[in-house]
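Structure first, then comments.
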Ligand SMILES: Nc1ncnc2c1ncn2[C@@H]1O[C@H](COP(=O)(O)OP(=O)(O)O)[C@@H](O)[C@H]1O
Ligand SMILES: [Mg+2]
């Protein structure tokens, strides 16, 4: 369902962050993206929901060719992909409920369905009783759970996470991983960039290692493979 | 768009108005000032133009017929005038009728003229009205060239000055109004621009979640509309109250019979609607201008 073919990405400042990548990821897989800082992990992830456009090559996701995509189609692509960031990216002035509901308002769900579905996902991430809080009133782990709820609220087939546990303490990180595994178990593909050796070596999944913009290793049930 | 989506945009737009606090006060203030001035100008201009139209309607040409002309020649002059295409009506008034209306119009002093009733020195006249008052001058010239027309009068200076004044007033008024409106649009668009810059990160997040440009644009659009409408409340109150007092008090102006103000109803109501519409237009235009560039996130 995800296929990258000879993909290159050079930023306007001349830095080539992705240097010829070929990869396919099947529906329902759970994939860690590992590698040293500056290796190109974030860029690899941004290419998948067109926050960045490839300089060369093809990217096909859910039968959509991102290289040939028009500006107008980008919002449609993003509605089918849930994205979770290290810094959560919640709307600061909206409540937890409103942050999650936003992803459904965008696709013009009926108010009834929005209410039902939002409460359902908030329950799933264990935040039903904090629906009326604003992000600043929550801990980091709770904010990340809101972001996950928002990412999965319209049943995406693909969930992408860029270091979702990067700002969280180990205990909270395990909590987040438990939720991601649950989501994966229901059939959603998960692609997660991470620096956490403990997580990668404990919850064994496919590991893709990137260095200098190239895939240097791709193993099922792989190891983190780096010190630090 | 779903009705519930529109409701959502209205809710968000109103919230922004509330959240922006002093920025809202500033831009509503700008619209208010503009609309008070625009409203006053409009009221003045429309009344001036009404007065002018009334005066124009009274403009008529008098063609004085040669004293020596016989009845056939008098009729021929009448036919000739009738044939001028711009002429709306031609009325004959004999020298006796002219004398008695002169005596009437002068009141006490008119008595002096009564002695002329036996030997009337006045001319028979044709009173001519043109379809468009603006044609008065050219028609007068044509009539003057008809044989047996001794002289024409149409209050030359009054007519010419009136037309000129009317045109100046309209042009200056329009320039001022357009200038004021653009200033207000600029101020509103700046206010909204500042709030958008402050919310750039939020807009970026919205786009990452799959919001289209127009989805993001709508609340700002509503915000502009509301700013414009809020800004037109005070001007409407000021203008209608002011106009009510002007048109209902026997003030110095209305002592001149030709200065007749447009009646409070419906004029003040129509003017209020126009002010409201201009306010809404300023707000919408201002917001549209400010968001155009800011969506490439
Ligand atoms: N927006 C950008 N503009 C220019 N260079 C960038 C940009 N984003 C990332 N880079 C560069 O691209 C390379 C890869 O960065 P990134 O994908 O963020 O790596 P990682 O997430 O693995 O740390 C780095 O050298 C980084 O400096
Ligand atoms: Mg990164």
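Cβ coordinates come from backbone N, Cα and C, glycine included.
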Transmembrane segment per TrEMBL: which of the ranges B:151-171, B:172-192 is that?
B:172-192
Between 0 and 100, where does the mean pLDDT of the domain 'FtsX extracellular' (B:59-152) sit?
83
Cβ under 8 Å, sequence separation of at least 6 from the ends of the transmembrane segment (B:266-288): give me the contacting residues as numbers and ranges.
27, 31, 34-35, 38-39, 42-43, 46, 181, 184-189, 191-192, 220-221, 223-229, 231-232, 235-236, 239-240, 243-244
What else in the chain is close to the transmembrane segment (B:225-246), if you only count residues 6 or more beyond its ends and a Cβ gap under 8 Å?
13-14, 17, 24, 27-32, 34-36, 38-40, 43, 184, 188, 191, 253, 261, 264, 267-268, 271-272, 275-276, 278-284, 286-287
